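S.K.: Here it is, the structure, as structure tokens.
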């Protein structure tokens, strides 16, 4: 029964004392988790090796304080401990650069959503769509005060309006700010990008499963920095078109 529940319930929100990633909903986030796990495996091996070497040196040194008193240099060992770490860094850097390039690449998006950070709320614009009055669809998103939260809503995470996106659709987020530097971050989507005044940054996402994903402004932006949550609702294409018609 527990295995069935674990396969259905996804970890898409921050949890108290959480130390690992939220469940991935995009290929970018899957790549980040895979890269982290692979690198962490080798880092643990290196940590164990270095710890064993230090322990051996301290242990042998306590028995004989001057085991090699006539040894003044060791070119071989110096070459080894210079080249080996450099190779390790190259092995780590190469897949990191590939993933970084793929996360930044935006190719033929099906739709674009603009996110503008302000003190202390977000403004969203669907520039590819217009309403009945001929204007682009845009709205502001504010955090719900704790005294107005309903059952099941999360403090400092739920908002009065949310970004609605269709699943299995290439989406481009264009991020900027109107006052100070903010940061648009949604962990489950593998998105974290600065919102800078006078500058347009972009990032893409391909959401692969329906759900509600939460994020926050991740750049200290003032006294109400913690009151800038981000809520993304991923729905089917049919539900997304229905939502568009209601705007």
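Each Cβ is built from the backbone N, Cα and C atoms, and glycine gets one as well.
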S.K.: Pick from 39-59, 102-122: which range does Swiss-Prot record as transmembrane segment?
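M.R.: That would be 39-59, the stretch labelled transmembrane segment in Swiss-Prot.
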S.K.: Kindly point out the range from 79-101, 125-147 that Swiss-Prot annotates with transmembrane segment.
M.R.: 79-101
S.K.: Grab the pLDDT values for the topological domain 'Mitochondrial matrix' (60-78) and give me their mean, rounded.
M.R.: 71
S.K.: Between residue 182 (Cu cation A1 binding site) and residue 225 (Cu cation A2 binding site), what C-alpha distance do you get in Å?
M.R.: 9
S.K.: What residues, ordered by sequence, lie under 8 A Cβ-to-Cβ from residue 221 (Cu cation A1 binding site) and sit at least six positions away in the same chain?
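M.R.: Looking at Cβ-Cβ distances below 8 Å from residue 221 (Cu cation A1 binding site), excluding near sequence neighbours, one finds 117, 119, 120, 180, 181, 182, 228.
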S.K.: Enumerate the residues of the same chain, 182, 217, 221, 228 excluded, that satisfy the criterion Cβ within 8 A of the mean position of the Cβ atoms of the recorded Cu cation A1 site; list them in sequence order.
M.R.: 117, 119, 120, 183, 195, 216, 218, 219, 222, 225
S.K.: Between residue 225 (Cu cation A2 binding site) and residue 217 (Cu cation A1 binding site), how far is it from one CA atom to the other, in Å?
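M.R.: Approximately 7 Å lies between the Cα of residue 225 (Cu cation A2 binding site) and that of residue 217 (Cu cation A1 binding site).
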